[in-house]
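J.: Structure in structure tokens, see below.
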Amino acid sequence: MSKLVLILNCGSSSLKFAILDPATGEEKLSGLAEAFFLPEARIKWKLNGEKGNADLGAGAAHTEALNFIASNILTDELKNSIAAIGHRIVHGGEKYTQSVIVTDEVVKGIEDAAQFAPLHNPAHLIGIREAFNAFPHLKDKNVVVFDTAFHQTMSEEAFLYALPYSLYKEHGVRRYGAHGTSHYFISREVAEYVGKPADQVNAIICHLGNGGSVSVVRNGQCIDTSMGLTPLEGLVMGTRCGDIDPAIVFYLYKTLGMSMEQIEETLVKKSGLLGLTEVTSDCRYAEDNYDNASKPEAKRALNVYSYRLAKYIGAYMAVLGDDHLDAIAFTGGIGENSAHVRELALNHLKLFGIKIDNERNLAARFGKDGVITTDDSAFKAIVLPTNEELVIAQDTARLCF
């Protein structure tokens, strides 16, 4: 068996894991451990096509999950083939523009950036520490891949906020973006799709899932992206509000008497599609009930969602200026599967000569890629499944093998 990479994506209460062959992209194992610290902590996995699941024990967390993976799921052959471990890290601040091997200095850098990702970075550090314990022979073969790295090519005019400049220089307050690993992967997929070298492709990439972001790529490099200092800015998301008037925070605090904790919970966990429907954060509810007159919240939510998305796409078309736009790409759970969202958003962009092909749009779902615009559309729109795990595996292999 060839050299394999174990990929870990640690959240505060969950752990996604996979084992990939970085040379072929073949997935040997995938799984999810969830409900950490709760009585129902559990783990499920798929190994060589066979599915399994187990209880981890009440209160179990990252340590128990990784120990279970190493002791109960991995075969000896698979365990011996793991040559390195790749970790997804949400925020690397300005310091990290590419993936790096884990050192004490890197751990310190992840800790420093935790102020901008307080839920994610501390959990990632737990994952690194527990990986050291579970696989001690691979301690110098751990690699971190940053969601923010791809966006570090943005210029000041794109990443600065119109705040006192000292807030940036002294405290790092600026746009960082997120989903960079996915945006990077899709930019390369677009290049292959349109037959151009990766360093010459110009694209607008819409990563739409429970979280969502748009980036604009010129000559293979990100020049702007919708998420900001944190992943709260930008698009309407599952539970996150995206762009709002900052003075709304003052209003909620001063006039409605909400605490800062309540305001944060509202903007991060109670807004977006959940806030607009007041039912669910699941986009499928809004799609399924879009024309149901008894559930007007569905149409309201999907219209606001798609309108915001169209605004970003249009703005980024302007940002490209004279550079030819090779494609608008849709990826992520919603981007890959919601023909309705794509149709609503692109129909706002008829001014640019974009024409959606309804049959192609409906065909490009459920894992199928494809162009969804007509042959005479001024610009192509493409659906492309993302593969962040493959990027992590390949970066890890590049640094360790």
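Quick reminder: no glycine exception, Cβ is built from N, Cα and C everywhere.
Annotation source Swiss-Prot lists active site, proton donor/acceptor at D147, citing sequence analysis. Per Swiss-Prot, the feature Mg(2+) binding site maps to N9, E388; the stated evidence is sequence analysis. The ATP binding site annotation in Swiss-Prot covers K16, H207, L208, G209, N210, G211, D282, C283, R284, G333, I334, G335, E336, N337. Per Swiss-Prot, the feature substrate binding site maps to R88; the stated evidence is sequence analysis. Annotation source Swiss-Prot lists site 'Transition state stabilizer' at H179, R240, citing sequence analysis.
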J.: For N9 (Mg(2+) binding site), which of these recorded positions sit within 10 Å, Cα to Cα: L208, N210, R240, D282, I334, E336?
T.: none
J.: Which of the three DSSP-derived classes (helix, strand, coil) applies to I334 (ATP binding site)?
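T.: Helix, per DSSP.
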J.: In the structure shown, which of the binding-site residues N9, N210 has the fewest Cβ neighbours within 10 Å?
T.: N210
J.: Measuring Cα to Cα, how many Å separate L208 (ATP binding site) from R240 (site 'Transition state stabilizer')?
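T.: Spelling it out, the Cα of L208 (ATP binding site) and the Cα of R240 (site 'Transition state stabilizer') are 13 Å apart.
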J.: Looking only at K16, R88, H179, which of these recorded positions has the biggest number of Cβ atoms within 10 Å around its Cβ?
T.: H179
J.: For N210 (ATP binding site), name the DSSP secondary structure in the helix/strand/coil scheme.
T.: coil
J.: Neighbour count, 10 Å Cβ-Cβ cut-off, for I334 (ATP binding site): what number do you get?
T.: 26
J.: So if I measure Cβ to Cβ from E388 (Mg(2+) binding site) and keep only same-chain residues at least 6 apart in sequence, which ones fall under 8 Å?
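T.: Set apart from E388 (Mg(2+) binding site) by at least 6 residues yet with Cβ under 8 Å, we have R88, T181, S182, F185.
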J.: Most Cβ neighbours within 10 Å: which of the recorded positions D147, E336 is it?
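T.: Its Cβ has the most other Cβ atoms within 10 Å: D147.
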J.: For the C-alpha pair, I'd like the distance in angstrom between R240 (site 'Transition state stabilizer') and K16 (ATP binding site), rounded off.
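T.: Here the two Cα atoms are 22 Å apart.
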J.: Tell me, which recorded positions from D147, N210, D282, R284, I334, E336 are within 10 Å of H179 (site 'Transition state stabilizer') if we use the C-alpha atoms?
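T.: Matched recorded positions: D147, sequence order.
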